[in-house]
């Protein structure tokens, strides 16, 4: 019972485990996993790829009727959370819905102009899609409607195919067709659980793309802000500025400029107040509607339209007319609508899922990305049949929705009801709304998309990410939205390819007073073991990087031998490859290891492997490579390998 004796006994047991009977250090062998069935292996891979979140776990051990109910609830989450809905939650949703409605109505009119569509189409897109999403979406905070970036993207791509003024009806039909295929794209990605594909657009590329789009959108608003009638259809900064300065002498309207700049200043001050003090979140939310009411009143009273102040003039009254027959299901515009729809749908999806995940993390609830895609896709398919264009989650509106105290997606239903009343009763009142005020509202809305802090952080953390960000940003600003998007995707893929084809390979040294071996660049005080070169491959070994891995290790060895020869030190006799980070290896990788082994044999250097993982050791045994180098050359740790071979080295 003496604690000192117990400590001594434990020490003896530990030391007996550490040393074998002949007094040499005990070395644990690397375990070989049991053979797995091919079908089981394929099933596991498919499950991890497409069903990693185990979406069917709630259906296990349930009756058929219960499974049917759960299936319906999975498609319509409102049936699940609706059972616990109460008046307290409704109060929060009512306030939030009314708040985001005051923000969305003026924004929708402006965003429709951005897409080169009549103002009512923006309002239509905030009526039907939010209702569909409220029944099928799983996010409690996201606010649905048209957004600036997608509106610009859609408008710039559509006008390349058709003139929005001379071919107005065909242009609208193509917009509905693109919206339909945007919805189909989103639905298919969600239904077949392919949501991981949108993750290929990196955060850095999205930051740059959004920032560039914000600049481009703001430049486009100079037409309305300055009262210019003849304006370029191009979106690049050079063409826009040429068009602006070309109209400087006779094309600018000073009354329009006064209206636009005055209310832009008002909107920016309101935004600053809301950002400075979260209690006043309603100030920037209600400011756009106040701006519209006041500017419309002033224009009507002083008849500013007679002084060339451009106004909205007409918005169709009434709810969305059906547009199923307007969609191109055949002909030359089918493929064009499909191409535009896929691109717009992916961008809209990326934005909505990012917003949904952000607010879900803030409120600590889970969000199924694939369910969201199905909901967004269904919403846009239905929207395309009811005269709507592509709708998605709006970050500015979702932020206001969150701060206004929304509890569920009912806030979207409240917003839709307000938009419905607006369409039925209030649209004639927007006749005298100046275009300059819509331009001011859009500029104040998109200016927050330029995230300088995020760009600075990217520069500090990862220079390649910063290059990707700036590539997308400059591509959008100096060329077009499509070129910027293409650059963003290209750089994202280039980064993946670079990391896969050129994995990091480092030399390890022994950290003083430990049996731990680490990267010598990270730990400069670590020391090399005489006669041993230890390297670590920080990636899976595939056909794309296997040759580089072999050549890089041999180059390390050559450099090390030359350095040792100059200093008359012991030459390298053992090459230890630490394989802990190597998650997998294919046949090309094994062939490269065989080539490496043969090259080392010619140099009288022994190849030793340390800690290969389950997948790797299984394939090394299946290929016969383990037998080629010998079982006694595969160790659990680098320390075991060094301890085994260091005493055997020739002086």
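Yeah, the Cβs are placed from backbone N, Cα and C, and that goes for glycine too.
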Query raised in the report: Looking at 374-396, 512-534, 535-557, which one is transmembrane segment according to TrEMBL?
Result: 374-396
Query raised in the report: For which of the residue intervals 402-423, 578-599, 600-621, 622-643 does TrEMBL record transmembrane segment?
Result: 402-423
Query raised in the report: When you scan the chain for residues with a C-beta under 8 Å from the transmembrane segment (471-494), skipping those not six or more beyond its ends, what do you find?
Result: 152-153, 156-157, 200-202, 204-209, 211-213, 215-216, 234-238, 343, 347
Report summary line: Between the transmembrane segment (338-362) and the stretches 174-194, 280-302, 374-396, 402-423, 435-459, the largest tally of CB pairs under 8 Å belongs to 174-194
Requested in this report: With a Cβ cut-off under 8 Å, give me the same-chain residues at least six positions beyond the ends of the transmembrane segment (435-459) that come close to it.
Outcome: 106-107, 109-111, 113-114, 148-149, 204, 207-208, 210-211, 213-215, 217-218, 221-225, 227, 256-257, 259-261, 263-264, 267-268, 271, 288, 291-292, 295-296, 309-312, 395-396, 465-466, 469-470
Query - Distal contacts, the transmembrane segment (254-273) - CB-CB under 8 A, six or more residues away - result: 224-227, 280, 283-284, 287-288, 291, 294-295, 298-299, 304, 307-310, 434-437, 439-441, 443-444, 447-448
Query raised in the report: Based on Cβ pairs under 8 Å, which of the stretches 200-219, 280-302, 374-396 lies most in contact with the transmembrane segment (402-423)?
Result: 280-302
